[in-house]
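Q: As listed in TrEMBL for this protein:
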COMPBIAS  255-266  compositional bias 'Low complexity'
DOMAIN    50-334  domain 'G-protein coupled receptors family 1 profile'
REGION    248-271  region 'Disordered'
TRANSMEM  34-59  transmembrane segment
TRANSMEM  71-89  transmembrane segment
TRANSMEM  109-130  transmembrane segment
TRANSMEM  150-171  transmembrane segment
TRANSMEM  203-222  transmembrane segment
TRANSMEM  279-299  transmembrane segment
TRANSMEM  319-337  transmembrane segment
Amino acid sequence: MATTDASVVEDNLTSSYSDYSLLGAFSHPLHIEIAISTIVWLMCFLAVFGNILIFVVILKDKQLRSNVANMYILNLASADLCVGINSLTMNNIWRYTGNWPFQRAVCTFWTVLDYSACMQGAFAVTLISLDRYFMVTKFLEYRKYQSKKLACGLITGTWTLALLVNALPILGNDLWPNARAFGKVNHSVICDFGVLNILSFNIAQIVVGFFAPAIILACFNFKVYANILKRSKGLVRTAVSPMQLNTAHPPAEPSANTNSSANITSRDTKRTYKKHRKAAARLALIVGMFSICWIPYYVLQFLFIVDKIKFSWLLWNGVYYTVWVNSAINPFIYAATCSKIRRRLVEALCFWNHRILRRTR
């Protein structure tokens, strides 16, 4: 994510990084460069500002703050915020300087946080799917699974795993014999580490950061949508059966209390179903956008480490931005699929307009 494999790809994995530079890598006409710059910095702004707004909205509203499910949303927003502040900002600066301008210490911090935040993004989507799975399939027992203690434990555990998988190899780069085979990196020119290009590290990245979450996501989402589909058919039968029953066998002594209780139960069932269907829709958007943004990166990485297929630096960089743009899109998904978050976002953005504020209340 953070680093580029250009020197490795272009020099067939054997040459030194000493002559590598991005100067001239983006030698476009002025109008094209302005368009590219506008897009990448707008992406950075949306990722930072959008996710900060999500934090403010959820933490400020007592009802949203008390909902344990929103802790998983904040977890994803925190990973996305790290991507916006760290990954996008630093890479955009690197674009203009040509050479890496921050030396090795900053390069190490940037790379560790970038890889860890991106991996945590995959874990966060998995945790959201887990929470939706419990909510839809174990409705009566959902309170047992919806505890702040469990949520904090899962979030802390996934962040720890992401940091360990990425920080240990990068910090111990010089201890890897295979990493030293790629030559010494000049960190005043490029931000890269030999360990990022060895087979074992990339396999671990693909398995832990993509394949495992993808399998878990597929299982949870299949069960969630299957449950929603079954219940939708059940609601249809429930709505029709009483009419058919009453027409065929009119009750001799109708009971007002019984009918009222049945109507309340039916309304509660339909309300719960609609709530779960909205939760499934939000999950589908989050998982769908995550898949669209991430699959190209892992396809290229897989082809690179397995078949040693050479890709241009521009293609790699484009794929990195495709991964990072997911962090700028997620806040829009939250607003589109949750009316409460949407209202609070409008209030935060239009605090000066009393007419709009009255409409949202």
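Here the Cβ of each residue, glycine as well, is placed from N, Cα and C on the backbone.
The structure displayed is predicted, hence computed values, not measured ones.
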Q: Taking contact to mean three or more C-beta pairs under 8 angstroms, with sequence separation of 6 or more, is the transmembrane segment (279-299) in contact with the transmembrane segment (34-59)?
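A: Answer no, regions not in contact.
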Q: In the same chain, who gets a Cβ under 8 Å from the transmembrane segment (319-337) while lying at least 6 residues past its ends?
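A: Residues 1-2, 4, 40, 43-44, 46-47, 50-51, 53-54, 73, 76-77, 79-81, 83-84, 87-88, 91, 118, 121, 278, 281-282, 285-286, 289-290, 293-294, 296-297, 300, 345.
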Q: Quick one: mean pLDDT on the domain 'G-protein coupled receptors family 1 profile' (50-334)?
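A: That stretch averages a pLDDT of 83.
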